[in-house]
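These notes are about the structure you will find just below.
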Amino acid sequence: MSPAAGVPEMPALDASGVRLGIVASTWHSRICDALLAGARKVAADSGVENPTVVRVLGAIEIPVVAQELARNHDAVVALGVVIRGQTPHFEYVCDAVTQGITRVSLDASTPVANGVLTTDNEQQALDRAGLPDSAEDKGAQAAGAALSAALTLRELRARS
């Protein structure tokens, strides 16, 4: 899997000691399971032992569980997929999840990386899921972003 255009290469991270929480939905299980596998691999490769993993049914439940994880974790990864349908439901769910994740991150001063795919169709989600024939691994990217931000915050807070 070669990186997509414009995607920065993730440097090797030493995140040992970082407490990582991962919340992943179960809708579109093949995709969400792959996103979770990518996030777990990045965590393990970065020295994170035993991240807390919580599964929820749908994407709309992700922010409240991320909020609870942010209470006692240094970083949180939110994973899921919302695929456009025939009704405005797609926009409502995408907006609620995105705003919820952002609010949790800011309110808790804890990085919550948004790895929730919002796509027009299932193929677009599969292309981003980190499967062997996928173009990208958004689960891995989200985990890398969360861990990198947690390390940056740790460094900034140590200066204070």
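Cβ coordinates are placed from backbone N, Cα and C, and glycine is handled just like the others.
Annotated features in Swiss-Prot:
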- HIS89: active site, proton donor (ACT_SITE)
- TRP27, ALA59, ILE60, GLU61, VAL81, VAL82, ILE83, ASN114: 5-amino-6-(D-ribitylamino)uracil binding site (BINDING)
- GLN86, THR87, ARG128: (2S)-2-hydroxy-3-oxobutyl phosphate binding site (BINDING)
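Annotated features taken from Swiss-Prot, shown on the structure.
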residue: TRP27; record: 5-amino-6-(D-ribitylamino)uracil binding site; DSSP (3 states): coil
residue: ALA59; record: 5-amino-6-(D-ribitylamino)uracil binding site; DSSP (3 states): helix
residue: VAL81; record: 5-amino-6-(D-ribitylamino)uracil binding site; DSSP (3 states): strand
residue: HIS89; record: active site, proton donor; DSSP (3 states): helix
residue: ASN114; record: 5-amino-6-(D-ribitylamino)uracil binding site; DSSP (3 states): strand
residue: ARG128; record: (2S)-2-hydroxy-3-oxobutyl phosphate binding site; DSSP (3 states): helix
Distance [Cα-Cα, Å, rounded] between ALA59 (5-amino-6-(D-ribitylamino)uracil binding site) and ARG128 ((2S)-2-hydroxy-3-oxobutyl phosphate binding site): 17
Neighbourhood of VAL82 (5-amino-6-(D-ribitylamino)uracil binding site) by C-beta distance under 8 A, where only residues 6 or more apart in the same chain count: ALA59, PHE90, VAL93, CYS94, VAL97, VAL116, LEU117, THR118, THR119
Taking residues TRP27, ALA59, ILE60, GLU61, VAL81, VAL82, ILE83, ASN114, which bind 5-amino-6-(D-ribitylamino)uracil in the record, the widest Cα spacing (Å, whole number): 16
Residue among the binding-site residues GLN86, THR87, ASN114 whose Cβ has the most other Cβ atoms within 10 Å: ASN114
Largest separation between Cα atoms (Å) of residues that the record links to (2S)-2-hydroxy-3-oxobutyl phosphate, namely GLN86, THR87, ARG128: 23
